[in-house]
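Chemist: Not my notes, these are from Swiss-Prot:
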- D95: active site, nucleophile (ACT_SITE)
- H414: active site (ACT_SITE)
- D465: active site (ACT_SITE)
- E474: active site (ACT_SITE)
- N298: N-linked glycosylation site (CARBOHYD)
- N462: N-linked glycosylation site (CARBOHYD)
- N469: N-linked glycosylation site (CARBOHYD)
- 1-35: signal peptide (SIGNAL)
Amino acid sequence: MKPRSSRDGHNAAAAAALLLAALVLSGDVLPAVVAGGAPSFNYKDALTKSIMFLEAQRSGKLPPTNRIKWRGDSGMEDGKLANVDLTGGYYDAGDNVKYGLPLAFTVTTLAWTAMAFEKELKAARELENVHAAIRWGTDYFLKAATKKDHLWVQVGDPNADHQCWVRPENMPTPRTLYQINDKTPGSEIAAETAAAMTASSMVFRKDKPYSRRLLNKAKLLFQFAKTHQGTYDGECPFYCSYSGYNDELLWAATWLYLATKRQVYADFIGHEAISSSVAEFSWDLKFPGAQVLLAELNMTSSGGLQSFKSQADNFVCAVLPDTPFHQVSITPGGMIHLRDGANSQYVTSTAFLFVAYSDILRRINQPVMCGAQAVQPARLLQFAKQQIDYLLGANPRGRSYVVGFGVNPPTQPHHRGASTPVLPPGYQVNCGMSFSEWFTPDRPNPNELTGAIMGGPDGGDNFSDKRGNSSCTEPCTYINSLSIGPLAALAIRGPNLIATQ
C-alpha cells in the first residue's frame with residue numbers, strides 16, 4: 001500500500017508555500033437542478049450517511065446504539081503490552097491502525113463543526129450523533145494522556161498491518177504501542193490532541209466535570225508541546241508532518257484562548273506563535289483554520305505586524321480561481337486538486353472553511369480582500385457548494401463519490417472491514433492468503449461502507465472504483481469530519497447557504 005501522506009513529494013518549504021497554479025472550468029454534469037441551474041441533492045441523506053461512516057471506523061467495544069451491523073468489537077486488548085487501557089478511538093482509514101495525529105484532527109474538526117453548525121445539526125436531528133462521534137475520540141484521549149509530559153500516540157504496527165488484509169475484529173497483527181514524552185517529543189501530536197480536547201471541552205460545557213477534565217488535560221498537553229519542542233517521526237511514512245509543529249502550536253493556543261480567554265494564550269498567539277499564509281487546510285497544516293478563528297477576534301501576529309484576517313483572506317484568494325492571486329489547481333470538472341491520494345480531504349476542508357469563514361465575515365460585516373479586489377461572503381458559499389456537489393455527483397462522470405449515496409456510488413472502497421466478510425469470532429486468518437481472498441477479487445465489497453467519501457478523482461477528473469487503487473478509493477475519517485458542516489448547512493439553510501442571523 002502507498003503511504004497516506006497528504007503531502008506526497010513535498011518538503012517543508014513547499015508545504016509553507018502557496019501551492020500549484022492552474023485554470024478552472026465549471027463542471028458540466030448536473031444530475032439534478034433547481035431554479036437557476038444549480039445542482040441539488042438530498043443533502044440531509046448525505047449528512048446522515050457521512051456521520052455513519054465515522055461509526056464504521058470505531059475501535060473498541062461498540063455500544064448498543066451501533067448502526068453499522070457488520071462491525072463488532074475490536075482492539076479489545078489495545079494497551080495491554082504496557083498494562084494500560086487504550087481501547088477505543090478510531091481507525092483512520094482502510095487499515096487497522098490508530099494514528100494519533102489524524103485522529104486528533106478528526107476530533108478537533110468535529111468539535112468545531114458541532115459549535116459552528118449547532119443550529120443546523122440540531123434541525124437535522126444529527127447533533128447527538130456528532131456529539132457521540134466526538135466523545136468516542138475524547139474518551140480515548142483521556143486514556144492516552146494519563147501522565148504529565150507523556151502521550152500514547154499510536155496503536156498498531158503499520159508495516160505488519162499492511163501485510164494482512166483482514167477486518168479489525170479478527171486481526172492477528174501486533175498491537176504495538178508508540179508514545180511521546182520529554183525524551184522523545186512530538187509537538188505536532190501533543191498540540192493537536194490539546195486542540196481536540198479543548199474544542200471538545202467547549203462542546204461539552206453542560207457536562208461540567210467532563211468538560212473540565214478535557215480542558216485540564218489540554219492545558220498540560222499544550223505546555224508539553226511548547227516546552228519540549230520536537231517533531232515526532234514515528235508515524236512516518238504514513239503520517240509525516242512535513243509542515244512542522246508551528247501550525248499546531250498556533251492552532252492549540254487559539255482553541256485554548258477561545259475556551260479560557262486567558263491572556264497567556266493571547267500573548268503566545270500575538271507574540272510567540274509563527275503564522276504563515278498557505279493554501280491548504282489539512283491534518284498536517286492548520287494555519288488557515290486558526291487564522292479563520294482569530295479573524296473574528298481582530299487579533300494580530302508578530303507583535304501586531306500582521307492581521308490574522310489578512311492571512312485568512314490570503315487562503316481564500318489562493319483558492320478562488322477568479323482572484324488575481326489564485327494558485328490552487330482546479331480540475332477541468334471544477335474540483336480542487338492539490339495532489340493525488342485522498343485529494344477529497346482538500347475538497348471538504350476548503351468547503352468547510354469557506355462556509356465557516358463566510359459566516360464570520362457576515363458577522364463582522366467585512367469582505368475578503370484580495371489586493372484591491374473585494375470578495376463577498378456569498379462567493380465563498382457558492383464555491384463551497386460547488387465542491388461538495390462535485391463529490392455528490394455534479395462532476396464530469398456524473399457519479400457519486402460517496403458510498404451508498406446518489407448515482408453509481410463506489411462499491412470497492414479500499415477498506416479491510418468493508419471488503420472482508422463477517423468472520424466467526426476467533427477465526428484464524430492466514431495473512432499470506434488474505435489478499436488473494438478479499439483484496440484482489442474484482443467484485444463489490446460484501447459490506448457497504450455507508451457514507452464513506454472516497455479519496456477521489458485525480459487531476460484529470462479520472463476515477464477508478466477499484467480496491468487496489470487506494471489513492472482513489474481509500475476513505476479517511478478527516479475527509480468526512482470536514483464534510484459534515486457544509487452538508488448540514490446545505491440541508492437546513494438551502495442552496496444559498498446563508499445563515500439566519
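Residue 1 is the first one shown; counting continues down the chain.
From the backbone N, Cα and C atoms, a Cβ is placed for every residue, glycine too.
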Chemist: Quick one: pull the CA-CA distance for N462 (N-linked glycosylation site) versus E474 (active site), whole Å only.
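Modeler: If we compare the Cα positions of N462 (N-linked glycosylation site) and E474 (active site), the gap is 15 Å.
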Chemist: Using C-alpha positions only, work out which of the recorded positions D95, N298, D465, N469, E474 is nearest to H414 (active site).
Modeler: E474
Chemist: With every protein chain in view, what's the tally of Cβ atoms within 10 Å of the Cβ of D465 (active site), excluding that atom itself?
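Modeler: For D465 (active site), the count of other Cβ atoms within 10 Å is 18.
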Chemist: List only the single closest residue to N298 (N-linked glycosylation site), chosen from the active-site residues D95, D465, E474 by CA-CA distance.
Modeler: E474
Chemist: Return only the integer: C-alpha distance in Å from D465 (active site) to E474 (active site).
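Modeler: That separation, Cα to Cα, works out to 10 Å.
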Chemist: Between the Cα atoms of E474 (active site) and the residue listed as 'active site, nucleophile', what distance do you get, rounded to the nearest Å?
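Modeler: Checking the Cα atoms of E474 (active site) and the residue listed as 'active site, nucleophile' gives a distance of 9 Å.
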Chemist: Could you measure between N469 (N-linked glycosylation site) and the residue listed as 'active site, nucleophile' for me? Cα positions, answer in whole angstrom.
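Modeler: The residue listed as 'active site, nucleophile' has its Cα 14 Å from the Cα of N469 (N-linked glycosylation site).
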Chemist: Run through the Cβ atoms and count how many others sit within 10 Å of the one on D95 (active site, nucleophile).
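Modeler: If we count other Cβ atoms within 10 Å of D95 (active site, nucleophile), we arrive at 26.
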Chemist: Can you tell me the three-state DSSP label for H414 (active site)?
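Modeler: DSSP assigns H414 (active site) to coil.
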